[in-house]
Amino acid sequence: MNYSEIMIRYGELSTKGKNKMRFVNKLRNNIKHVLSVYPEVTVYFDRDRGHVYLNGADYQEVSASLKKIFGIQNFAPSYKIEKSVPALKEAVVEIMQTIYKEGMTFKIAARRSDHSFELDSRDLNQVLGDAVFTAIPNVQVQMKSPDITLRVEIRPDAAYISHEEIKGAGGLPVGTSGKGTLMLSGGIDSPVAGYLALKRGVEIEALHFASPPYTSPGALKKAHDLTRKLTAFGGNITFIEVPFTEIQEEIKEKAPEAYLMTLTRRFMMRITDRVREERGAMVIINGESLGQVASQTLESMQAINAVTNTPVIRPVVTMDKLEIIDIAQEIDTFDISIQPFEDCCTIFAPDRPKTNPKIKNVEQYEARMDVEGLVERAVAGIIVTEITPKEEVKDEVDSLIEDLL
């Protein structure tokens, strides 16, 4: 027998009271987006659970995708069976003979939403249990924590049997906690920060700074690929490319080398905040980890943060590098992040950056530049694209890379 559907149970959504259906609807839409790579799959939700109908799709692939989607507590692959006692007895015996090993205990857990069915739940438990005893004489029943639980559901359309329960990602459905703008550099830390924000239900838009010709099409594709990895946890993500060449050249020309990083980060924060406001996001999210590099001391963070009043969420701020790498490997972003492409934070990185920048000095250097004009031109030049779980056969960045080669 092949699985016909996967039943989904919600996680924290059960505690959301009157708002539960809003959370459930968001989870349903997220699942549809993530599973859009399987055109034969259909998704249906009722108040208590979700149903993913496979319609011939590969169960292992669909299951692997569901494991990543935030908001799912657990799910159970199920067999669709003719709604008759003989068919149910035959199916239960076949499943037990496939999975049973000597010494295992079992129980039947039947429920029916179709009350016109000829047996009630208690009688169905008895009849199906007797069928198992006949086929496997030495099997033992155990009502509490058995090795095998065969769940039988009698619905209006058919009967369904499941015996596996697979743990989901938990958390909250992406988009139920508002929207944030993720500063996505292309390194190891920022995709992990984005993942952790997604887990708490924050919809993210990924904002990436590009400085051609100093940064390459390969660096931009890397950022696209990292964003696509993050779509696995809740569906499509908007990607925002910001032109940053003019600003970096201006900073390099008019400021001391030791302050290049602080000034660069302040411009990035201003632009991110402006884009955030225009696009209706509530917070800024970044991958800063305290003490990891010169721009991530408390003094540097204070100097950089001074340009905005918007809350800045730093999900990895207290983690060390190995902890961040562990998560990056778990979510499959690490190998992409370590690809050797320069990004805006590394191309003009000073040998001895200021770790304790003075705001009055920073403001003095910024007075040499047309800060507002630079920010306005960068924001006016943004390029917005939608990144989906399904990778396009070839996008514009791929074509640029081929042309260069």
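Using N, Cα and C of the backbone, Cβ positions are placed for all residues, glycine too.
Some features that Swiss-Prot has for this protein:
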- 60-165: domain 'THUMP' (DOMAIN)
- Met183, Leu184, His208, Phe209, Arg265, Gly287, Gln296: ATP binding site (BINDING)
| field | DSSP helix/strand/coil residue counts for the domain 'THUMP' (60-165) | value | 37 helix, 31 strand, 38 coil
| task | Return the residue, from the listed binding-site residues Met183, Leu184, with the maximum count of other C-beta atoms within 10 angstroms of its C-beta. | result | Leu184
| field | Secondary structure at Arg265 (ATP binding site), reduced by DSSP to three states | value | helix
| Span of Met183, Leu184, His208, Phe209, Arg265, Gly287, Gln296 around ATP - largest C-alpha separation, Å | 19
| remark: By a three-class reduction of DSSP, Phe209 (ATP binding site) is assigned strand
| Reduced to three states, what secondary structure does DSSP give Leu184 (ATP binding site)? | coil
